[in-house]
Amino acid sequence: MGEWLYLVIGVAVLAVVVIVGLVTVGRRRPVPPVEAPDSQAPDTPGSDTLAPPRPVEAPEDPTHAVVEPLEPEAPTAVPTPVVEKPEGTASRLVRLRQRLSRSQGGLGRGLLAILSRDRLDDDAWEDIEDTLLTADIGVAPTQELVDGLRTRLRVEGDSVDVRAALREELVKLVDPTMDRTLKVSGADGAPGVVLVVGVNGAGKTTTVGKISRILVAQDRSVVLGAADTFRAAAVEQLATWGERVGVPVVRGPEGSDPASVAFEAVKQGVAEDVDTVLVDTAGRLQNKAGLMDELGKVKRVIEKQAPVTEVLLVLDATTGQNGMVQARVFSEVVDVTGIVLTKLDGSAKGGIVVAVQRELGVPVKLVGLGEGPDDLAPFDAGAFVDALLG
Ligand SMILES: Nc1nc2c(ncn2[C@@H]2O[C@H](COP(=O)(O)OP(=O)(O)OP(=O)(O)O)[C@@H](O)[C@H]2O)c(=O)[nH]1
């Protein structure tokens, strides 16, 4: 009997311990918050929208809350890059010519206002000279234009159409006979190779991106070489330009040898039989010898794969005489074959076109007229002068 009593007491104690234990555990375990799908709770700042859906624990007690079945979150798709279609040539040119007139029209209007005075005395001609010099045309071209115009007005007298005469003289200065075609095709099945040089901030990377868009719009295949390895952001910038139009970008680690990146880019272009390889370079103008070493090596190494068909020097039109000094240094270091004048939208000094062509004997082939992706226009002497005349 005593044994039975001990056994009953033992079982009772065990039962009490188990019940107390269960109650305690049940209290400690938090009930997971269950958000209704239309919860107004704000998103946690910094929450990662690509994180997988949180597992939702069912509450211990099914009577604790009515749990509505959670709708499974839609799987997060990896965004596929949308390849943009660059703007067509016709609408781009109309838009950019208007922008050129807006920025440069003041020069022509200023000249025409002086030329329409009743008496064209020495003061008037001096005003014309000042207006041309202010627009950065340069001393010698200014003198040529003034002499040409004075002679015509003297010879032709009152019958002369001043606007037409001024237009003719300006076109002569800009020189419509220069070959401004961009050499983007190679010979014997090799791709065209365009090397883009210039000082930091002139707009090289932007220009490479814009040219690639023009080529893509013309259904040409393109490879970009990010040989500006000096500035990591420049490589990223170029990669973004490439992604936007579905053009591959060959890049190396930060600080790597620009020549080896250029070599790899052209190698890929040859292997993939593309039409054009565009190579962006760094523009550190630390000293002429360093620049010469770097750009010389880039060019030499590229030419183990395919000849360079065009060397474009990018100049910022807003830098005036400083830009001319840079132009001189670069042209002594590499054989520049064409000039890209950027930021003409932000400067009324379009006369630099004349000055820089005279200085280098190389044509301006393209002009940058804004930060937009399609704000690059081929240069045309007549259209440029028409924009100057407003
Ligand atoms: N308004 C205007 N801005 C331009 C034009 N071209 C380039 N830019 C701007 O100029 C700045 C410098 O351009 P980048 O292309 O980075 O110049 P970069 O020569 O490659 O400079 P680094 O990479 O430092 O060598 C950017 O903010 C461009 O958007 C243009 O035609 N008009």
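For all residues, glycine too, the Cβ spot is worked out from N, Cα and C.
TrEMBL labels come from automatic prediction, so no person has curated them.
As recorded in TrEMBL:
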type	residues	note
TRANSMEM	6-25	transmembrane segment
REGION	29-62	region 'Disordered'
BINDING	198-205, 280-284, 342-345	GTP binding site
DOMAIN	363-376	domain 'SRP54-type proteins GTP-binding'
Residues of the parent chain within Cβ reach of the domain 'SRP54-type proteins GTP-binding' (363-376), under 8 Å, 6 or more residues beyond its termini:
84, 86-87, 92, 96, 99-100, 103, 175, 178-182, 203, 206-207, 209-211, 213-214, 241, 244, 312, 338-345, 353, 356-357, 384
So among the binding-site residues Lys204, Arg284, who's got the most Cβ atoms within 10 Å?
Lys204
Under a criterion of Cβ-Cβ distance under 8 Å and sequence separation of at least 6, what residues of the same chain contact Gly198 (GTP binding site)?
Lys204, Gly283, Leu313, Val314, Leu315, Gln326, Phe330, Val340
Please work out the number of neighbouring Cβ atoms within 10 Å of the Cβ of Thr281 (GTP binding site), leaving out its own Cβ.
31
Based on DSSP, tally up the residues of the domain 'SRP54-type proteins GTP-binding' (363-376) by helix, strand and coil.
0 helix, 6 strand, 8 coil
Quick one: of the binding-site residues Gly201, Thr281, Arg284, flag those whose CB is under 6 Å from ligand 1, and say none if nothing qualifies.
Gly201
If you average the pLDDT over the domain 'SRP54-type proteins GTP-binding' (363-376), what number do you get?
94
As a test of the contact definition, list every same-chain residue at least 6 positions from Leu344 (GTP binding site) whose Cβ is closer than 8 Å to its Cβ.
Leu100, Ser103, Gln104, Ala317, Gly350, Val367, Gly368, Leu369
Just to be sure I understand the packing, how many Cβ atoms besides its own are within 10 Å of the Cβ of Gly201 (GTP binding site)?
12
